Structures are given as C-alpha cells and as structure tokens.
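Have a look at the structure below before the remarks.
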Amino acid sequence: MRIEPAASLRGVTAVPGDKSISHRSVMLGALANGVTHVTGFLPGADCLSTVACFRQLGVSVEQLSATELKVHGVGLRGLQEPSDVLDVGNSGTTMRLLLGILAGQPFHATLTGDVSIRRRPMGRVSVPLRQMGAHIDGREEGRLAPLSVRGGGLRAIRFDSPVASAQIKSAVLLAGLFADGETGVREPEASRDHSERMLRAFGVDVAEKDGYITVQGGSQLIATDIEVPGDISSAAFLIVAAAIRPGSDLTIRGVGVNPSRTGILDVLREMGARIDLQNERESGGEPIADIRIQGGELRAVTVGGATIPRLIDEIPVLAVAATQAVGVTVIRDAKELKVKESDRIATTAAELRKFGASVEELEDGLHITGPTPLSGGAEIATYHDHRIAMAMAVAGLAADGPTVIRDWEAVDVSFPGFGQLLQNLR
Ligand SMILES: O=C(O)C1=C[C@@H](OP(=O)(O)O)[C@@H](O)[C@H](O)C1
Ligand SMILES: C=C(OP(=O)(O)O)C(=O)O
C-alpha cells in the first residue's frame, strides 16, 4: 500500500462494527435459546474465525449479508464435539473466550491459530479454567496453543486476575455459566465490559459483589437482537488522523462510546484535540454517538494506570499523535502491549523511527518527544499486525512524502476497506 500525504481529512463517514461486540454476538447467540439477529456485524477476518469455529461446533449461522447474521442458538447444552481442529486465525478474543465456553463442554476440542496466536500467552486462561475443573493441555504445559480441552463438570471459583483483561474475565465468566454455583472475577483495573452488558441483554443476571463480577451457573440465555455499533478502536485511526491535520473536520457516525473504551477520546482531549459527541443514544445496553473531530495543535500528556485498559488497542495510533504534540508524551503501565498481535511497544517504536520520530521504548510503554516533522519515503513493516499497519498509515498522512506499507492485507482483521475510506476522506 502506498500512502500519500494529506493536508486534511473532511467529511461524514462511518466505521465497521465493533470487533469485541461482534465476537460476543455470535458466541452468546450460539449459547442462547432462540434465534439472535445481528446487524452491523464486523465482517473482519477475526470475527469470521469466530463464525467458522461455532459452525464446527454445530451452530447454524446464517449470513444474510456481510454485516447481518442470524445465529440459531443451541442452548447451554447443545454444542457438539468438533470433528476437526478449530482455527482462530489471528484472533486472541476467539481463542480465549472460546476456551472458556469449551471448558464447560463434555467433549474434546483442539484450538490453534496463526504464528502470532501461537506465541501469545494462554496460561492466563488455562490456569483459572483448570481450577474450575477443565482438562487443558498444550505446548509448554498449556501456556501456548495449540491447546486441547476436555471440559464439563465445572465448579464455580472466585478468580483474582493478575491482569486487567476482558478476555480473561470473559473466559472465566463464560465457563461460569456451566459451573455449579456462583463464579466471580476481580481484576486490578476495569477492562471493557461488553460481555457483562451483552449477557444482561440475553437475560443473565450479572452482578457485582465485593469487587467481583459474578454469574450463576446454569443461567439460561434468551435470544435477542444485537445492533453492533461502530468500532471506536477503528474510528481511532480516523480520529487521530483528523486531530493531527490542521483544517480537518470529520464526523464519524454511530460509534460505540462505552466508557470502558473511550480512553482515547479522554486523552486526545487532554492533548487539546477538539472532539464533540453528538446524537448520543443507547442500543442493546451499549452507548453510541456521532464523533466530530477538528484538527489543531496538540500538547504532550502522561498516560497510565486505569486509563490503559480503556485505550489499550489505540496506543500505536496514540503514539502517532504524540509525534505531533508539543513536549514529551509518556505512556506507561502498558506492558500488555508486548503480548498483542506483535510486541506493540517494539513495533510501534521501530516503525515510527523510520519516519524520523523521536521514540524511546520503556519496559511498559513509550516516551515520545514532539513535535517532529515526519519524513516521507519510509518503507513500513506491519509484522502482520492490523493496528500497526493502520497507525503507520496515519503517520504517512502527516509525512512530507509517500510511505509504502508492506503486508497491508493485515488490516482486514478488523477494518476491511480502511485504505479506500482514507482515500475518500482526503
Ligand atoms: O475482549 C476483547 O474483545 C478484547 C480485549 C482486549 O484484550 P485483553 O483482554 O487481552 O486485554 C483487546 O486488546 C482486544 O483487542 C479485544
Ligand atoms: C489485540 C487485539 O485483538 P485480539 O486479542 O482479539 O487478537 C486487537 O484487535 O488489537
């Protein structure tokens, strides 16, 4: 992909459906009694991996259009033993949430994925799921995929997660649906709460007790319609692109603005960006709004603590914004970036330096000194990481010459059509 510099971004647009919510709509729809109608579904590679895995488990998923599905629920006891290995592709969410569900099934299944998935830590879910009684094995004693699981007969636990991770929390809560008694999860900082919200929309009583999020084993899910909002993590690339290009005026319609996901808006505003939420509404328990961004000058900030899980996937593109901000931006407490599709501390720093940016890697984050004029002519490696590809495309818009991004197809994981959309907004 060749990215040409852009003076400004203008117009009214929309982004594809939220990835986290799309995954969960298929998973909970499959476990429900009745038919779940999903609109606004993200037809990205990760969510299509989830659909393929559930079909292998005997669930009929009708694809009415690219973004509209009917999931024919089989109830809590209706999944079938898959006759082949389940392949999650590049999707950590599919692997970890599905493990939670499979932990509750009285059959055997094997899960694998691409090179990146087979490097990512899975002990964080196999450890609590084993405590609940599931039999899980895999490379390095179940810390790495491929993993095999034989579930069933689970007991409820109280789990103190060592990391703020919605994937860990969701895996344990989903397994909790199949356990005897009340399962609870507590985390060091709050992570995205889409599982809790959607479980409630399916009629499950999700409570909070002494800091633990709890579900009762055997709770039945009742099918419901899910309208997936636009993905704020995808919108973030456009938001930052408009924020760093003076003269930009961009509106993105129908974006999910769940407070557990809006860290990027808070931080960009603190940096001085002009961001307004318009037409705020709610659907399926998720808040939605149109987001208007006007370009201007930015100043450096320090980001850490409880804000990090609220913008974890946006840090590569936040780093791009920081190259254009006055002062030293410090991002810390973000060690989790090392175990995403790539080591995003290392890959963000390495690729931004190719534009001439001043970036220093920390053990748990980045130091970025700005503003620096970004130089054109960079040849960018994506490490097959969709967020690195799109963040570097945004840097390319602000560069003084064309940028070449290799392995561009990585963007299809979460934002098919991103290249064309950027082109249309010039
Ligand atoms: O639950 C989810 O849908 C996700 C949770 C986050 O991962 P962790 O739970 O590993 O933090 C996030 O990075 C990922 O893109 C999606
Ligand atoms: C980390 C991500 O996703 P996952 O963990 O599902 O692969 C992401 O989309 O940035």
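From the backbone N, Cα and C atoms, a Cβ is placed for every residue, glycine too.
The domain 'Enolpyruvate transferase' annotation in TrEMBL covers 4-420. The annotation phosphoenolpyruvate binding site is assigned in TrEMBL to K19, G92, R120, Q167, R344, R387. If you look up TrEMBL, you'll see K19, S20, R24, S165, Q167, D313, K340 marked as 3-phosphoshikimate binding site. Here TrEMBL flags D313 as active site, proton acceptor.
For ligand 1, the binding-site residues lying close by, meaning a CB under 6 A from one of its atoms, are S165, Q167, D313; the full candidate list was R24, R120, S165, Q167, D313, R344. Within the set of binding-site residues R24, D313, K340, the entry lying nearest in space to R120 (phosphoenolpyruvate binding site) is K340 (CA atoms). Selection of the binding-site residues G92, S165, K340 by a Cβ distance under 6 Å from ligand 2 yields, in sequence order, G92, K340.
Cβ-based neighbour count (10 Å, all protein chains) for R120 (phosphoenolpyruvate binding site) stands at 18. Neighbour density for D313 (3-phosphoshikimate binding site): within 10 A of its CB lie 23 other CB atoms from the protein chains shown. Sequence-distant neighbours of Q167 (phosphoenolpyruvate binding site) (same chain, six or more apart, CB under 8 Å from its CB) are G92, T93, R96, L97, V125, listed in sequence order. Neighbour counts of Cβ atoms within 10 Å were compared across the binding-site residues K19, K340, R344, R387; the minimum falls on K340.
Of the recorded residues, S165 (3-phosphoshikimate binding site) and K19 (phosphoenolpyruvate binding site) place their C-alpha atoms 15 Å from one another.
The highest number of surrounding Cβ atoms within 10 Å, among the binding-site residues S20, S165, is found at S20. Counting only same-chain residues at least 6 apart in sequence, those with a Cβ under 8 Å from the Cβ of R24 (3-phosphoshikimate binding site) are L97, S170, H194, S195, M198.
Reduced to three states, the DSSP call for R387 (phosphoenolpyruvate binding site) is helix.
A straight line from the CA of S20 (3-phosphoshikimate binding site) to the CA of R387 (phosphoenolpyruvate binding site) spans 15 Å.
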